[in-house]
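Peer 1: Among the features that Swiss-Prot reports, region 'Disordered' is placed at 1-32. If you look up Swiss-Prot, you'll see 1-12 marked as compositional bias 'Basic residues'. For 61-208, the entry in Swiss-Prot reads domain 'Tyrosine-protein phosphatase'. What Swiss-Prot lists as active site, phosphocysteine intermediate is Cys152, and the listing cites experimental evidence. Residues or ranges marked as substrate binding site in Swiss-Prot (evidence: a curator's inference): Thr153, His154, Gly155, Leu156, Asn157, Arg158. Swiss-Prot lists Arg158 with the feature active site, proton donor/acceptor, giving sequence analysis as the kind of evidence.
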Amino acid sequence: MSQWHHPRSGWGRRRDFSGRSSAKKKGGNHIPERWKDYLPVGQRMPGTRFIAFKVPLQKSFEKKLAPEECFSPLDLFNKIREQNEELGLIIDLTYTQRYYKPEDLPETVPYLKIFTVGHQVPDDETIFKFKHAVNGFLKENKDNDKLIGVHCTHGLNRTGYLICRYLIDVEGVRPDDAIELFNRCRGHCLERQNYIEDLQNGPIRKNWNSSVPRSSDFEDSAHLMQPVHNKPVKQGPRYNLHQIQGHSAPRHFHTQTQSLQQSVRKFSENPHVYQRHHLPPPGPPGEDYSHRRYSWNVKPNASRAAQDRRRWYPYNYSRLSYPACWEWTQ
């Protein structure tokens, strides 16, 4: 089940996805488990329009948080502005509506709710909805550089999976590169092994949905096969990489977006990328990352190798050979 919210105007106003009958409802204003352990907002993923963040919490949660722990919808926009970026769409993947209301967001920013069950790999319908929303946004925002903000509860597992799934399926990015780019920009590694394994070894998901009539209010899905190059406007032309007019849509689609591939690899190989934003790289397996101290807090039962690399130092950090975080499990 998905819900669009845009009270005035915008490219997403008329869309309404159908699916699950209702979201899972939970009472109370208890803080989500482990929510405090994660950075509020990551960095923009270079070569893309994506930025990931944990769910902001409405004002009623603040009495249970220290002032420095609060992260409200207003705080979200302030932190995005501090990075000299602007949000143009928020995609909410949480499976509840208790954390904040669309009305808490600026009226000028479209909001899309895609109810996504946690812990399990999203189904093909959810993946397609996400791809359709992203491509619709890119199509309508070719002439600006606004970002797509994506969040689940922690802005990590469901968020990372769907962003990486898009990069792999639509942009043709290698799974390892997509996962590493997300990990570095989010400041935390994807944790769920089933998500990582599906991204690494699972099938490419089709970029169209045969169950949705082409004449429906879902609009013409053919533009999913024509991903808009999402490079910043002033950095060169956009390329319409796959013309399909007059042809049937292929079952699977890869785009070899060379500039995006180069951006991913260049970013991943830059050992100083975190110094600009004061974020350490994601933690190696078997270690408990504490972003407040910019160091690795080694678990008592960690391996000898983990104990040997106890702290992170920004000036001698060398890129970990991927996969650095594959053995993290819940």
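Cβ coordinates are placed from backbone N, Cα and C, and glycine is handled just like the others.
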Peer 1: Distance check, please: Cα of Arg158 (substrate binding site) against Cα of Cys152 (active site, phosphocysteine intermediate), rounded to an integer number of angstrom.
Peer 2: 6
Peer 1: Enumerate the residues of the same chain, Thr153, His154, Gly155, Leu156, Asn157, Arg158 excluded, that satisfy the criterion Cβ within 8 A of the mean position of the Cβ atoms of the recorded substrate site; list them in sequence order.
Peer 2: Tyr38, Lys54, Leu93, His151, Cys152, Thr159, Gly160
Peer 1: Taking the Cβ of Gly155 (substrate binding site) as the centre, how many other Cβ atoms fall within a 10 Å radius?
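Peer 2: Counting Cβ neighbours of Gly155 (substrate binding site) within 10 Å gives 27.
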Peer 1: Give me the non-local Cβ neighbours of His154 (substrate binding site): same chain, 6+ apart in sequence, Cβ-Cβ under 8 Å, ordered along the sequence.
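Peer 2: Looking at Cβ-Cβ distances below 8 Å from His154 (substrate binding site), excluding near sequence neighbours, one finds Pro32, Arg34, Trp35, Asp37, Tyr38, Lys54, Val55, His188.
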Peer 1: Name the residues of the same chain, 6+ apart in sequence, whose Cβ is under 8 Å from the Cβ of the residue listed as 'active site, phosphocysteine intermediate'?
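Peer 2: Looking at Cβ-Cβ distances below 8 Å from the residue listed as 'active site, phosphocysteine intermediate', excluding near sequence neighbours, one finds Val55, Leu93, Thr94, Thr116, Gly118, Arg158, Thr159.
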Peer 1: Enter the number of other CB atoms within 10 angstroms of the CB of Thr153 (substrate binding site).
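Peer 2: The answer is 21.
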Peer 1: Counting each residue once, how many in the domain 'Tyrosine-protein phosphatase' (61-208) are helix, strand and coil under DSSP?
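Peer 2: Counting residues by DSSP class gives 71 helix, 15 strand, 62 coil.
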